[in-house]
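*Asks:* Handing you a structure now.
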């Protein structure tokens, strides 16, 4: 038999996404069920809310006697959307710039007083990561002459002779 509580509350929360937060109206029934001595598992099943969410709401209510969303910790963001766009444009224009030089350029162009740490964090957030280029040794004069001698020695080879050579630098791609 389905009670009025079950039918009204089953539609409170259709499967939530990871970043969604329950509204105060949806948190109320959780606390109501908790005060009626329902278990976390029962509340989760009744309201169709994940157990971890139910547990978090009850814990917050026990500690703060409220279920309202608290303001986030930390200060406001220093980097604005305009600053992020300018930073992206600067990095795309010249990828060799350091975080310090990007911070100085943003200070002159936007008037933003930001640290190099903030620049690094924002760059990581937008998908830019500093990478050291792989070092490739130059061809030495000795190696160049050895290559030339190898080529001259095989200059008159036939196609059948070349077919016997194993080419290790070839890559196969299927499109």
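The backbone N, Cα and C atoms fix where each Cβ goes, glycine too.
Just so it is clear, the model here is predicted, and its values are computed rather than measured.
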*Asks:* If I go by TrEMBL, the feature region 'Disordered' sits on one of 43-64, 65-86, 87-108. Which?
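*Replies:* Spelled out, TrEMBL records region 'Disordered' over residues 65-86, not the other listed ranges.
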*Asks:* Please list the DSSP helix, strand and coil residue counts for the domain 'Sleeping Beauty transposase HTH' (16-67).
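*Replies:* Each residue of the domain 'Sleeping Beauty transposase HTH' (16-67) counted once, the result is 34 helix, 0 strand, 18 coil.
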